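Report on the structure given below.
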Amino acid sequence: MVPMELLTPHLSTIKIPTSQQLVYKDECVLSFDNPESETGLYVSLTSFLGFGRNYVDHYYQKTKNAVFLHITRSKALAAHEDAEETGDGPEKKITRLAIGVEGGFDPEYGKRKYIYTDHYNVVVLPDYHVFPWPNDALPEVVKMSVQGIIDAQSPFKIAEMAALQGTWDGEKREVSVHSVNLKQLDNGVKIPPSGWKCEKCDLTTNLWLNLTDGSILCGRRFFDGSGGNDHAVEHYRKTGYPLAVKLGTITIDGKGDVFSYAEDDMVEDPYLADHLKHFGINVQQLQKTEKSMVELELELNQKTGEWNTLQESGSELQPLNGPALTGLNNLGNSCYINCVMQVLFRMPDFVQHFVDGVGEIFSNLPEDPVNDFNVQTAKVGVGLISGRYSFPGDDSGFQPGISLHMFRQLIGKGHPEFMTKRQQDAHEFYLHFLTLLERNSRHKPNPSDCLKLVVEERIQCTESLNVKYVRRPEHYLPLPVPVAAATNATQVREYEARRVEAEASGQRLDPSQTVRPNIPFKACLDSFMREESIDQFFSSAVNKKVTAKKITRLGTFPDFLWIQLKKFTIKEDWTPAKLDVEVDMPWEIDLKSLRGHGPQPDETLLPESSPDTPAPVYDEALLAQLLDMGFPIEACKKSLYFTNNSGMEAASNWLMEHMTDWDFANKFEPPGFKSDNAVTVDPASVEQIIGMGFTAAQAAKALQATEGDVGRALDWIFSRAEQLDVDEESVPKDNNFGCRDGEARYKLVAFISHMGTSTTVGHYVCHILRQDAWVIYNDNKVELSLNAPKNLGYLYLYQRIEP
């Protein structure tokens, strides 16, 4: 019997969790050990942090908090399994193009079901004295603390519920502002229960009933050529009648697909049943016959066949496990995070910093390790690379995998998109992660230096022929995808004709026979390297706005080159779409033609701006309208400057054309103009920024550039950290920002692929070269790739070939 007196010296440190207290009882804050692990989980009765056996001693030595609730979990196969849930019944219907959310693709579907039982003991360190639970002999404060931990809601569940509040899953819609007082004409129109046809053409599908005048018209033409003939939207442009419901989607509970042309979005109409009754429609007599917009989105993806191709579904793939072969569970559209982290830890710099250096990172254990960027990133790195959590799964080939709950919550904190469970752009997440990495690497080695390159822009005034060179650091190379350069244009046209003919007769072509435009990699490179025209460029040589010519090259070549194919675009109706193309990405490339060489002896540089250079003037009304559309203020200023305040159409077209520019949202400094309007900065704001590792001069400069706003100043300063350091060190302007440089020959070592029609839907997988063999990482399914589909990728990682 363990004497109760062992607890007495520690009773003053024991706390009782409040309803607001986060209790980390699901997983170790420093590793992926959990109650199901062999040694269970130890939850501190003081800090309520959970630790695996590998780290609980370290925590005790740092804090002297000695009392823990030890949680272990056992599982047993359910006695009466539900046949449908285990995959023996009918196939589960997918109604949402999403992963891990209700109605979407369920990562757990088809797995055998278990009953889990938790077992508890109170443990006192350093000698691991055990007190069984429940135990009436325990001091009251210990019993209350333990019960509070057991009753506490999981922080992961709390975070998930918060994320779901902002989840867009293809069906969550806002109530239309036009639904409350919708005008309905007393024109005697009555809608029959069947036999519908577009009033402007012969289409009998994809029909929309306008809820103001009862017109029945066909819908918009989809990006792939299917859909309608745009007669419904043309009717709105003529009449202004805002709401229409898709016929065939209306259900007996008064629901249906309602589109607001005025709001340009799918919406909810809570009065739909009454609005339909106006035209003699009794919803209780209706039966859903048409595909919903979500079902059409699913069908469009299935038609392309890329789901099967990118996941290599047609091949018998060998499951893999071991070091660097660890699967990541999908937490609800988290595949974009999973893929980016798998690829980042393919690079030795990240492994060396976060995995080999984990001892140093964990040695100074912060009080709140859950919200420490370096701690949580190191935890991810060790989890992926060590092999501790990579072992065979069930017959389906899925590993038990690890879940990036803490990492996802931390990385998305305060971000309007990454804090939700919506699908996101993997490239945007990559840039977001590197921004956080930069913030947490001040005056420390930054592993992303292996990706950093210098972009060199040469701008020439067409009147004086003088030039200027602009250099800046970046972490990727964006390449346009010129569809017009397809080498199989004739075959694509023939395929499209066959597809249209088949669909007109109610048939569908075999998705595996899809013919996509095939774009040579050289065409993408040539498109990037071509000379651009810049209108409204202020030339300090002739002291006026002129047309300038710009070419872009690379000033340095990094150890690893991250290439983004600009497949995602905006359609004419301003909705996102993806180019369904193949790009012949090479296994090895030589990019020496991209090398920039800086000012040449026979060139004359543009002079610095003169004091009398006029300050730019922006049309305030146009600026307000552009901001209301959701564009960043600096991008709006650029659009007005470069279109000479000529109107909304010109400015918005400029914005749509330049949305993917490297510096789209960066602080705008008009060519040839330098503002000398000093802003008085608050000393307290300066001190706040100094506390993050920057100098007083850097803090003042950032605050002056952002009108004294600390939040904007931090974004400004972090995006220019390298340049600010360079300025203070008085390094010449043609410096390389500390970037590594070497030969321009590379080999492909990883790529991330997206399946779906836009970044807001679909799924990501990645392929990584491991010891001369390609491996596919599909969330928690890790397998040997037999036919890596490199021509359908989106993001590519190339490694320098050393001479």
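Cβ coordinates are placed from backbone N, Cα and C, and glycine is handled just like the others.
Lifted from TrEMBL, the feature list:
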DOMAIN    174-283  domain 'UBP-type'
BINDING   C198, C201, C218, H231  Zn(2+) binding site
DOMAIN    326-801  domain 'USP'
REGION    592-612  region 'Disordered'
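Below 8 angstroms of C-beta separation, residues 456, 458-459, 461, 464-469, 525, 529, 538-541, 543, 553-555, 557, 672-674, 734, 744-745 of the same chain, each at least six residues beyond the ends of the region 'Disordered' (592-612), sit close to that stretch.
Cβ-based crowding with a 10 Å cutoff singles out C218 as the top-ranked of the binding-site residues C198, C201, C218.
DSSP places the residues of the region 'Disordered' (592-612) in helix, strand and coil in these numbers: 3 helix, 2 strand, 16 coil. Here the domain 'UBP-type' (174-283) is broken down by DSSP into helix, strand and coil counts: 16 helix, 22 strand, 72 coil.
Per-residue pLDDT, averaged along the domain 'USP' (326-801), amounts to 86 for this model. Those residues of the chain, other than C198, C201, C218, H231, with a C-beta within 8 angstroms of the mean position of the Zn(2+) site C-beta atoms are E199, K200, D202, L203, L207, L217, G228, N229, A232. Under 8 Å, Cβ to Cβ, and six or more positions away along its own chain, H231 (Zn(2+) binding site) finds C198, E199, K200, C201, L217, C218.
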